[in-house]
Structure formats: C-alpha cells, structure tokens
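What Swiss-Prot records for 3-168 is domain 'EngA-type G 1'. Feature annotation from Swiss-Prot assigns GTP 1 binding site to 9-16, 56-60, 120-123; the stated evidence is sequence analysis. Feature annotation from Swiss-Prot assigns domain 'EngA-type G 2' to 177-352. Sequence annotations record features per position, and here Swiss-Prot assigns GTP 2 binding site to 183-190, 230-234, 295-298 based on sequence analysis. As annotated by Swiss-Prot, domain 'KH-like' applies to 353-436.
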Amino acid sequence: MKPLIALVGRPNVGKSTLFNRILRERAAIVDSTPGVTRDRHISEGFWQGRAFRLMDTGGYAPEDGVISNAMLEQTMTAINDADIVVFVADARAGLSYDDLELAKVLRQRFSHKPVFFAVNKVESPQLAYEAASFVSTGYTEPWCISAKDGSGVADLLDAILLEMPESDADQEEDGAIRLAVVGRPNVGKSSFVNALLGNNRQIVSDIPGTTRDAIDTRFTRNQQDFLLIDTAGLRKRTKISAGIEYYSSLRSEKAIERCEVVMVMIDAGPGIEKQDLKIINMATERKRAVLLLVNKWDLIEKDSKTSKQYEDTLRSHMGNLAYVPVLFISALTKKNLYRAIDTAREIRDNRARKISTSALNRFLEEALAANPPSSKGGTELKIKYMTQIQAAWPVFAFFCNNPELVQTNFRKFLENRLREKFDLKGVTISLRFLQK
C-alpha cells in the first residue's frame, strides 16, 4: 500500500484547501462553513517521484453535537490508520482550546507517529509573527504555510518525504498465501475465522459491525503458511456514517488490495444481494481471485437438490461473475471450513501458474476451429498466435491483424474457453489483443 498522510484539525482551518493544493485539483468541497467536510476524502498524490495517499478529514470539535462527535471518531480513526499526520491550525483565528486538545491527544496517544504541525493562512508578516504563539501546543517548530497561495507547502512536502515509509507491497512476499475474508456485516466472518483457528480470537455478537478492524492471523495447513485477513463488514455507501464505519470499510478495501484470494462471504438466508456483487466486482477490478462462501448453510431446510438449485439461482444473479466458484459452509457446525482454505489455495496456485506458449497456441487452434471469429465491416479477424504476459495475475496477449475487429462476444468466448481448459475458475484474467 502507498503511504497514507492524514490532514487533521479543527473545522475551517483550511484542510480541504491544503488537500486540493497538494493534489493540484479541487477534489474536496471547500466552504467557509465549519464542518463542511464531514466524510473523508482520499486521493493519490505524487511529490518528487514518490506516490502517496492523502486523506482529508472532518474537523476535530469535541465539544459540539452528535455530528461533531462522529467527526471526532473519524479523526481519531484517521490518525490511527495514517503513516504520517499533518496537524493543521489557523493563523487568522489564533490558537484555540480545540487545537490544544488535539495536540495533547497526538502527543500522548500517537507519539510513535510522525506529526507535522502546519499553521495555515499565514499570508502576511504579521500572521507569521503571530504564528509563534502556537508553540504552546508542544510543537515548537510549526510549518507556516498558505494553502490558498501555496507558500510553504513545497517545503512541508519535502520534509514529509523524508519521513515517508516505503510501500509495504514487497514486505508481504514471505511465501504465505494471503486470504481476505470480506462481506456485509453479520454474515459470520469472525465466527468462520474463530472456528477455523479453534479459538474465540474476536468478539462475536449479533450486532452488525462488531469487527471494526482488519485483523491479520497467520496459520499453517499442510505445510503451507497462510495470512488470513478478517475484515469489518462492507455496507452500502449510503449506509456508511461520517465516522468510524467508513474507515472500517476502507480497511476492508485495503485488505482486498493486500490479498491474493478474496473469500466473499454471504448469509445463506437472504442470499446474494447487490452489495455482495459490488464486493465481488471490487475484488475483480483489483484483479484478485474470488471464492464465494455461502455461510449458515446449516439453517437452511434442504434435500438432495437444494444446493444445486441454490447455486443455479446464485449464478443467475451473478451475470459475468458466474465463473466464481461457490462453496456452502457453516461456521457453527464447521462444515467445509478446511475445504474453503484448500479451495482458496488451489485458486491461488492456478492464478500464479505460467502456461506454456505451446499449450496456449494449441488451445488457440482448437478455439478458432470451434468458433471462427466473424468478420467486421467486411474484414476478417486473423489471430496469428498468443502467449501469457508476465504479471501478478494471468494476462494473455493475442497477436492479430487488427485489434479493432475483436467483438465482445468473441472475447467472452475466448475467456470462457481459457477458464475451462486451464482450470481458471475464480481467477480474474485479462485478454489483450495486439497488432502484429
């Protein structure tokens, strides 16, 4: 993951203006009304060739009403998740009680994190002089900046760059298969993990959203190491409040980015819903392999045909995602728990497999014989050969006379045949057509 920089401070100190200045775009709403930024805003930025994620947060105002309390929770969670914190104050408004309180929290609870204290709106020598009063926060060397005109921002970013950690993408390449357990709240993710590991490692209750953090657990099965990431439930965006729940959802998305196989869990009772499909899409968009786990299967009245009928109904709702394998489990009775892990390992191994060019071209010859591509505009598509490109997921290159002649149905045909031929169920694959 790219390092995360969080902008925190009271409402209306200029965090959103600084956010936009750093990103050189108006990505956040800027308004003179305190507290306009109630939700988080996260975008990717670059400075001196280094990439990072920048987070704008709602204002820290602990003495105000319910909304501000949610914004306070948001600020605390943002600080906890961030690699670097930029604490923003307002030179025009002067030092406030809330500034002192936030400074106290940062020094006492987050002393292990790099904190840059930026006094914003310093747009005159007089304001620069008055900014000296902010040393009473305990930060004796505040950065005097103006997010509005950009003065001091480059120097601040240069200093931040020196504290910025390297991306941790390469730090997890230790041979362990990385699995993420994701799904809507209260579908049984933590019960699944606890049953699998044989301990009550997490609080399990009927209250949706009990698990707020993404929690990593290592275990070994059949001499293979696994890293299991259990996450907070992913709700619809419209149901995510302005506080801690959004950040729980953010952690789930981060877990998907970190893993190789996403185990999407649904509740057998209500079945698959739009949000489940969005979660699967989120995983496939990030080119992750996917396994669909139907939990609480023990609660379903069934006969010998039930699982087949249920799976058929699932796939009818999944459309282009119908290639995702389905496994019926019960965290309560431990039905198919280890089979889920073994299946995830098999999917991951297939995702990492390199298929020889000779095998691919034999496949291509058979596929073209079975379903020759139709012509387009009187011109016939001619595919000369194919190969697999080196990537973290299977990417297949087809060399042809004109890539624009490739029609959607034919592309889908090749994708389906590749999955069948080379056992790529659950694996996101990419097809690229290149002119030769």
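The backbone N, Cα and C atoms fix where each Cβ goes, and this holds for glycine too.
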Next on the checklist: Measuring Cα to Cα, how far is G9 (GTP 1 binding site) from G183 (GTP 2 binding site) in Å?
Outcome noted: 33
Checklist entry - Reported as an integer number of Å, what is the Cα distance between K15 (GTP 1 binding site) and G183 (GTP 2 binding site)? => result 33
Checklist entry - For W297 (GTP 2 binding site), which of the binding-site residues N12, T57, V122 has the nearest Cα in space? => result T57
Checklist outcome for this item: Rounded Cα distance, in Å, between N12 (GTP 1 binding site) and N186 (GTP 2 binding site) is 37
Checklist outcome for this item: In three-state DSSP terms, N12 (GTP 1 binding site) is classed as coil
Item to check | Of the binding-site residues listed as G183, N186, K189, the one whose CA lies nearest the CA of V122 (GTP 1 binding site) | outcome: G183
Checklist entry - How far is it from G183 (GTP 2 binding site) to T57 (GTP 1 binding site), counting Cα to Cα, in Å? => result 26
Checklist outcome for this item: DSSP output for G183 (GTP 2 binding site) maps to strand
Item to check | Three-state secondary structure, which DSSP defines for V122 (GTP 1 binding site) | outcome: coil
Checklist outcome for this item: Students should find that the Cα atoms of T57 (GTP 1 binding site) and N186 (GTP 2 binding site) sit apart, in Å rounded to an integer, by 28
Checklist entry - On the 0 to 100 scale, where does the mean pLDDT of the domain 'KH-like' (353-436) fall? => result 93
Checklist entry - According to DSSP, which kind of secondary structure is K189 (GTP 2 binding site) found in, if we only use helix, strand and coil? => result helix
Checklist entry - Per 10 Å Cβ neighbour count, which of the binding-site residues K15, K189 ranks highest? => result K15
